[in-house]
Amino acid sequence: MAMSLKKIGAIAVGGAMVATALASGVAAEVTTSGFSDYKELKDILVKDGQPNCYVVVGADAPSTMDVVSAADIAAKIGSLCYKEGTVEDGSADITVHAEANSDDFDLKKDWNNSAMPANAYALFVAASDGDYSEKFENDTGKPSFMDNGVLGDADKINKTVDLGDIATMMKVDDVDPSDWYDSDDDAGEIVMVELKNDTSDGFTVYKKNMLYETLVYKDDEENFANTTKMEEGMRIPFLGKEMVVVDIDKDDDAIYLGTPVYDGIIKEGETYDLGNGYQVKIKAILKTTVNNTDVYKVDVQILKDGKVVAEKYDKAPLELEYKDDVGVTVHKAWENVGGDYGYAELVISKDLKKLELDEEYVTDWKAYAVLNDNGTMKLEDDLNDNNVDKVVGIALRYDGDKLDDLDSGDEVDILDYVKFKLDDEDSNDKLKVYFSMDKDVDATLNIGEKVKALNAEVKLKDIKANAVEPVSLTAPIAKLDTEVSLDTADKNLVLVGGPVANKLTKELVDAGKLALDNNSPATIALIPDAANGHDVIVVAGGDREKTREAALELIKNL
């Protein structure tokens, strides 16, 4: 049975470990050809700190061992990736870069095996996890759970199309890392574009017909009905970065997000130094009794250059912000057994983002809270006691002028984060649409701080002469041999498996560029310019055990 990439979830760039690749201590006899130094291969696999290849495994490979080998090679490539930053006064400015595309839809062929009808509306959806976007799909209209007020012309949508995942969009696998809410829930990003085949103006995107969302889902769930309450202190993705929900302010109809700096416990009277002259102090904790229940009030201060610039005294939980610089979310407080002093459990954030509901967050994009109202998705701009417990996420909706006359070569920008592109691939019979990301995210880190962005985690451990920081990019570089052609490849290729398991390897053997059969030893071969001008590295052998030996040898020497 042919495999799909979704089933091979382990094949991703992830440098945390090299899976089982280093488990074997047995020296293998491996035949090499086409290169004299493994450094040559490393330069082919990674360029400027980024993956420069695809790892290709056979869709009909008879052995899962080839899949494991491909996963281990991909993981090793991930461990070789890095980012550079400039160092100044104990901090580093870093940039994380990512590129990825969603699946595509041909407007001239894929609408019920025909062209998209005149005046029809289609909603295209992609997400950081394809399981989320899949649940939006509907061949006969808008998503079944979506209220008409979520998008303009939602009641006119004729078809909702799932374009799968954009691998470099952000997903958070644990929104509650400190177990404030005893939750292992997830959060992911979703983008939507509603496109009309307007006979007078070509393809058109109207006002209110694009949406970006970040939603909190119950652990391992993907239906919108199973989204769950977004709480203060939770981590959610927002435009490619993992951020803290600092405050959900009913009085101000605003949601504050921030970059987490410290998550833990501070003793009464102590301070935490954020750098740049900022400190957070727990000045006092006072216990009172209300209806035979202990209630703890916390006096929390934000200081700048030693002066108090913001202060709040209230019962926990409580929130405090100062400008766009610092946010404090106190979850709970308590005293020691003797009642001598207290402790506050909190998260401190910097670089705050204030999303004022029904106001522009950036030009042409307004912010809203997303509600799960008994299974129905709604947007809300007026938070109150009756609906705040239904808030499951944040939305930014396009509020600019219509974008018309769209055709091949055009692209629609979504928050300077994702683009929606049209491409006829130089054919009059095609017009494909898809989502695409080519994005940089910048961050400034002090020693010991980390940031998660575009599915990469960067931690600044120390300041060196050159701030080169390894990163673990989780955007997949794996492909099936049914998805890659030697004639059209746009990157170097690592082919895992012999001619029986991998059809691209077979093509090279049939063309006389590689000698490999069922009796061949473990082999690592470099074949320059064999894939549309790109280099090919073959990791294979006469059987699956020999292929495994070759994979382990490659990993050991990179």
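Any Cβ shown, glycine's included, is placed from N, Cα and C.
These numbers come from a predicted model, not from an experiment.
Feature annotation from Swiss-Prot assigns N-linked glycosylation site to Asn112 (among others); the stated evidence is sequence analysis. According to its DSSP assignment, Asn112 (N-linked glycosylation site) is coil. The C-beta environment of Asn112 (N-linked glycosylation site), restricted to residues of the same chain at least 6 apart in sequence and closer than 8 Å, is empty.
The N-linked glycosylation site annotation in Swiss-Prot covers Asn138 (among others) and rests on sequence analysis. Of all Cβ atoms in the shown protein chains, 19 besides its own fall within 10 Å of the Cβ of Asn138 (N-linked glycosylation site).
Annotated N-linked glycosylation site per Swiss-Prot: Asn158 (among others), in sequence order. The local packing around Asn158 (N-linked glycosylation site), expressed as other Cβ atoms within 10 Å of its Cβ over all shown chains, amounts to 19.
Positions annotated as N-linked glycosylation site by Swiss-Prot, on the basis of sequence analysis: Asn197 (among others). Taking the Cβ of Asn197 (N-linked glycosylation site) as centre and 10 Å as the limit, one finds 19 other Cβ atoms among all the protein chains shown. Under the three-state DSSP scheme, Asn197 (N-linked glycosylation site) falls in the strand class.
According to DSSP, Asn226 (N-linked glycosylation site) is assigned to a helical segment. Residues annotated as N-linked glycosylation site in Swiss-Prot: Asn226 (among others).
Non-local neighbourhood of Asn291 (N-linked glycosylation site): empty, since no residue in the same chain at least six residues away has a C-beta under 8 Å from its C-beta. If you look up Swiss-Prot, you'll see Asn291 (among others) marked as N-linked glycosylation site.
For the recorded site, Asn374 (N-linked glycosylation site), the DSSP three-state label reads coil. Within 10 Å of the Cβ of Asn374 (N-linked glycosylation site) there are 8 other Cβ atoms, across all protein chains. What Swiss-Prot lists as N-linked glycosylation site is Asn374 (among others), and the listing cites sequence analysis.
Per Swiss-Prot, the feature signal peptide maps to 1-28; the stated evidence is experimental evidence.
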All-chain count of other Cβ atoms within 10 Å of Asn226 (N-linked glycosylation site): 16
Asn138 (N-linked glycosylation site) as reference: those glycosylation sites from Asn158, Asn197, Asn226, Asn374 with C-alpha within 10 Å of it: Asn158
Specify the nearest of the glycosylation sites Asn158, Asn226, Asn374 to Asn197 (N-linked glycosylation site), where nearness means the distance between Cα atoms. Asn158
Cα of Asn158 (N-linked glycosylation site) to Cα of Asn374 (N-linked glycosylation site), in Å and rounded, measures 24
Do you know offhand how many angstrom separate Asn226 (N-linked glycosylation site) and Asn374 (N-linked glycosylation site) by C-alpha? 10
